[in-house]
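Notes follow once the structure below has been shown.
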């Protein structure tokens with residue numbers, strides 16, 4: 001009889017604990033029902049990348065001194081620097097520079113260690129194409145400045161979704177901006 005009462009007591013404790021877990025899950029569900037959706041419709045709306053976003057690399061040909069620091073600090077030795085030595089000035093002259101973004105891991109080491117700041121990260125992230133060989137950018141393609149999402153005339157900021165309400169989600173900044181294409 002004592003074991004049956006003990007078993008019934010254990011069963012009731014487990015049932016109460018299960019009901020608590022279900023109640024906690026239900027509270028989380030009710031909390032999320034009051035929030036606005038976080039989803040954006042990507043091709044028509046775009047998030048503005050953060051200040052430290054590491055997008056496509058921009059290259060300025062005139063500033064480069066062909067020191068090859070970018071190649072040495074790259075974990076995969078990706079940038080291809082072609083130069084010739086000018087004997088009359090005893091100085092390197094850059095002939096060509098290219099980066100294959102199909103292989104690049106966007107770590108930013110080349111940008112950080114460049115002594116002349118001829119490399120910089122842009123906010124361009126739409127690099128998808130159908131042929132992977134088109135991701136090999138030469139100095140002309142690397143020198144092209146991307147259109148900023150903020151300055152793009154085809155989209156505008158949605159004012160009602162420029163930032164999250166305080167306390168909605170911890171760990172995110174309140175400066176999150178969403179943009180939408182103008183029809």
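Every residue gets a Cβ built from N, Cα and C, even glycine.
TrEMBL does not curate its annotations; it predicts them automatically.
Annotated features in TrEMBL:
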DOMAIN    55-84  domain '4Fe-4S ferredoxin-type'
BINDING   64, 67, 70, 114  [4Fe-4S] cluster 1 binding site
BINDING   74, 104, 107, 110  [4Fe-4S] cluster 2 binding site
DOMAIN    95-124  domain '4Fe-4S ferredoxin-type'
DSSP composition of the domain '4Fe-4S ferredoxin-type' (95-124), residue counts helix/strand/coil, works out to 5 helix, 9 strand, 16 coil
Determine, for the [4Fe-4S] cluster 2 site, the additional residues of the same chain whose CB lies within 8 Å of the mean position of the CB atoms of 74, 104, 107, 110; present them in sequence order.
57, 70, 73, 75, 76, 78, 79, 99, 105, 106, 108, 109
Among the binding-site residues listed here, 67, 70, 74, 107, 114, whose Cβ has the fewest other Cβ atoms inside 10 Å?
107
Per-residue pLDDT averaged over the domain '4Fe-4S ferredoxin-type' (55-84) comes to what?
93
Other than 64, 67, 70, 114, which residues of the same chain sit close to [4Fe-4S] cluster 1? List them in sequence order, counting a residue when its Cβ is within 8 Å of the Cβ centroid of the site.
65, 66, 68, 69, 81, 110, 115, 116, 118, 119
In whole Å, note down how far the CA of residue 74 ([4Fe-4S] cluster 2 binding site) lies from the CA of residue 64 ([4Fe-4S] cluster 1 binding site).
17
Number of Cβ atoms other than its own within 10 Å, given for residue 110 ([4Fe-4S] cluster 2 binding site):
22
Which of the binding-site residues 74, 104, 107 has its Cα closest in space to the Cα of residue 114 ([4Fe-4S] cluster 1 binding site)?
74
Roughly how many Å separate the Cα of residue 70 ([4Fe-4S] cluster 1 binding site) from that of residue 107 ([4Fe-4S] cluster 2 binding site), to the nearest whole number?
12
Pop the Cα-Cα gap between residue 67 ([4Fe-4S] cluster 1 binding site) and residue 107 ([4Fe-4S] cluster 2 binding site) into the table, whole Å please.
20
